[in-house]
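Beneath this line is the structure, given in structure tokens, with notes to follow.
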């Protein structure tokens, strides 16, 4: 078992080093909070990315963000979301998450799927990047709504519990999809494969939800804890989303109204 864990840890650390060191060099005043310990200052040059994406720079900055100072931003980084699945070879579950918060709110996010298309054969283009900014929209995928009248719930694959399952049963879903990674679950919502993401457990962290939240909100979806409270992403906030997650692209109220009180009482924000 330690072999898989060592692999996961090494990949985690290298990705986090690359992302955090590259961001810190370009934007020295931002606060970066990563799942792993932040890298030291002397990171190997080959891990530093100093390019930028022309496609994004062509978009106008939403007026509400033009006056933001660098030091007012908090960047939440999950270098490898879906780590358990990564070590098991379920590579499409794996995402890299970079979320940007301002005033405690998620305002922009990147979900990179490094192994997207990995089963599509040798000629397939591997990997894709989905990104979004509030006030601009979200890009890199085709926005699709789940089939009307169907209740398809996506939930955890490797962190199940009685509470998680009781909550899902109360929603009376037509189908339950169990996949790894918070980033991957939000992709299920925005690509129409699931109608709600429900996780009645305290296990999820701010770096799991910041980037997906920005992308989901950019296309009119909604994510909260199980009680309906918004998540806060200011640098002082605790890292655990201890009251779980409820997210939908559409019909949020339908699912929110069906969360049992027993579940709510078990999950304290």
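Using N, Cα and C of the backbone, Cβ positions are placed for all residues, glycine too.
Copied over from TrEMBL, here are the features:
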BINDING   35, 78, 80, 81, 208  Mg(2+) binding site
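Comparing the binding-site residues 35, 81 on other C-beta atoms within 10 angstroms of each C-beta gives the minimum for 35. Cβ environment of residue 78 (Mg(2+) binding site): 34, 35, 95, 96, 97, 182, 183, 205, 207, 208, 211 lie under 8 Å away, each six or more residues apart in the same chain. The Mg(2+) site is defined by 35, 78, 80, 81, 208, and by the 8 Å test on Cβ atoms against their centroid, the other residues of the chain that qualify are 77, 79, 82, 83, 95, 96, 97, 181, 182, 183, 205, 207.
Over all protein chains present, the Cβ of residue 208 (Mg(2+) binding site) has 27 other Cβ atoms lying within 10 Å.
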